[in-house]
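Per TrEMBL, the features are:
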type	residues	note
BINDING	76, 77, 78, 79, 80, 81, 82, 83, 138	substrate binding site
ACT_SITE	77	active site, tele-phosphohistidine intermediate
ACT_SITE	166	active site, proton donor/acceptor
């Protein structure tokens, strides 16, 4: 045990842990032929864990990072009671609004299409799915019904993620007042308008930024599968809500507010696929056609960037990106680059 902690904890922490360990019970959680394992040590209510997925696997050619998942699949919940009758929100808390019968069917159909897509495009049979899901009832019900298309052995895990919840519209809603608020939002701007006692899309952006960092960390350390069982054919599935998923894409691809406001909502039970490109980055045009992405509301500049995403490597920057660069400086003269400026 001392060898394990000497690799993971600095001396200052290790001394304290050894003192705790003298009067505590240690449970070995897993092991393999290389005697690599992790443990949970409990003392006075404190639990100290070490996680093997955080230890990069040594290789003769250096450290081997876990493979990046093949896809990140975004799924909007099936039709909900609130999609059919907005008065539901006046008497049922938004997190408790469930699916309609049609919504259940949409979720089941989404699962069948997802499995068909994976099996059609993956040559190896070691693929699995890992789910992140909104805690709202319609999100959980969508997950449970689309998962019927997968055997338990295909499901690597599930994580309920509160940051994937719907935009907060302000607790129980007054139907007539909500009509007024949505009309004001149309004039004010869909991204920045904040509902009274609720959220704006900009607020959702902030919490999605936190979730994105968690997701990137999970991808970097390969948290979805145990060491030695990690396959590049993992599929991450995010089951959430229309606006939340559009904001997620905006944050991931660094789209502007104007571009976000030009996007259309996904259909209930619909999915958008971010697939690993030739260089390792996630790209929408690996799976979707140009026409599909245009229908979603993506501009020519966004489509051009997706073609770059298709071949680029993680960590690379697109210095010629029309989204984040030249589009801001169209007022410059063409010969500005030849001018010399004195400080």
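Just so you know, glycine gets a Cβ as well, placed from its N, Cα and C.
Feature annotations (TrEMBL) mapped to structure.
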residue : record                                          : CB count, 10 Å
76      : substrate binding site                          : 27
77      : active site, tele-phosphohistidine intermediate : 34
78      : substrate binding site                          : 30
80      : substrate binding site                          : 25
82      : substrate binding site                          : 18
138     : substrate binding site                          : 29
166     : active site, proton donor/acceptor              : 22
Ask   = Largest pairwise Cα distance, Å, within the listed substrate binders 76, 77, 78, 79, 80, 81, 82, 83, 138?
value = 14
Task = For residue 82 (substrate binding site) and the residue listed as 'active site, proton donor/acceptor', determine the Cα separation and express it in whole Å.
result = 12
